[in-house]
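TrEMBL lists 13-40 with the feature coiled coil. Per TrEMBL, repeat 'WD' is recorded for 102-144, 145-176, 227-268, 269-310, 313-353. Annotation source TrEMBL lists region 'Disordered' at 187-219. Taken from TrEMBL, the feature compositional bias 'Acidic residues' covers 195-213.
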Amino acid sequence: SWELQTTNLLDLFSQIEREFENLYIENLELRREIETLNDRLADGQTVEGADLAKGALKTKASHSTSQLSQKLKTTYKASTSKIVSSFKATTSRAVCQLVREYVGHRDGIWDLSVSRTQPVVLGTASADHSAMLWSIETGKCLLKYAGHQGSVNSIKFHPTEQMALTASGDQTAHIWRYMVQLPTPQPVADISTPCEDDVDSSDKDEADGEAEGPSDCPSLRVATTTLRSHQGVVIAADWLVGGKQAVTASWDRAANLYDVETAELVHSLTGHDQELTHCCTHPTQRLVVTSSRDTTFRLWDFRDPSIHSVNVFQGHTDTVTSAVFTVGDNVVSGSDDRTVKVWDLKNMRSPIATIRTDSAVNRISVSVTQKIIALPHDNRQVRLFDMAGVRLARLPQSNRTGHRRMVCCSAWCEDNTSCNLFTCGFDRQAIGWNINIPALLQEK
């Protein structure tokens, strides 16, 4: 009887094994099915199979009815529900959609921002020595600024006038006035099909010896004002509140404060031990924050004309790539040490949140109303976090969608209905995204 029991047991075990193998194979098939659905979702295809797949999961799970496998079934159910939940997570890609690509630069794009006055345009700053203004809705280049002799490293728009401020590798910052006419948006049906004009303009391009880029884009070559006095690359520049002064950050380790009207140097802000990487101004107060390769960022206070205080923050272990103000009293800093830190201006001794990531972080942007931080990464990803450091989303990225090289900068523009987040990078393109913010926060 003992032998009989063992053979029975062995028999049962082999049955369990077979059952388990079948389930395992089914599980693999389901995973494959989900992967293909994910790929189709990533391509922006609508998937009627979304419910279908869940149905399939249920029917396949109910195949295994034998009494024996009751235990197996419960573990199997757990694993399929994991798969289903991962499937749900990827359907959240609908929350972050790629809307438009802005193509025409001949080299990497370092920086981008959106104008603060009508007409609302997108500005990009590129290593190809030019800055470009784009129609957000149509992706058409409206103006090319070609006044710099070196890489254009940053672009910022004046708070009230049609003026842009660009910083360059030619050791200067330029202020230039622009006039652009927004194209009338085409009916949606026409956008997907290349219209005849496109074909004509591409022929013109080749005749001009320009294989890429829109040749019908008007060019501007003369700055209204040139800000000089740096002894190295000017890596970034920004307008102070009111737009009567501008600040520049340079590889010569100084930041300079200028009077816009006279182009005169008002202050040289010294103290960083290595090259500066970025500067940012507070939206409503006379405060400036500068970032540097020396692993620190500094807060300069010009609110009281008689005292200019400076605070040094040593929260990072590698280059600080940017530090930005939020509306309210926070500073958010990002670094090559793969972290982003959120600080309270009233108590800057230690960060109130730390975000740890898997790749260096470049020029970050924080949305105004919901304060969502957009992180552009060296590894081509763009991730969204809240101020508490909770990850909200990753923008879709594959060979077919998203950035193909390092992402250099992000910029929010919440008022825009079609695209409310922009990113740019070494793949020479800027991308306009539509982020469904209420859905994003709901998913959290």
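Just so you know, glycine gets a Cβ as well, placed from its N, Cα and C.
Automatic, uncurated: that is what TrEMBL annotation is.
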Chain residues in Cβ proximity to the repeat 'WD' (227-268) (below 8 Å; excluding those fewer than six residues from its ends, i.e. six or more beyond): 111, 150-151, 153-154, 156-161, 163, 165-169, 171-175, 274-286, 288, 290-292, 300, 302, 308
Confidence summary for the repeat 'WD' (102-144), mean pLDDT rounded: 97
Residues of the repeat 'WD' (145-176) by DSSP state, where helix covers H, G and I: 0 helix, 17 strand, 15 coil
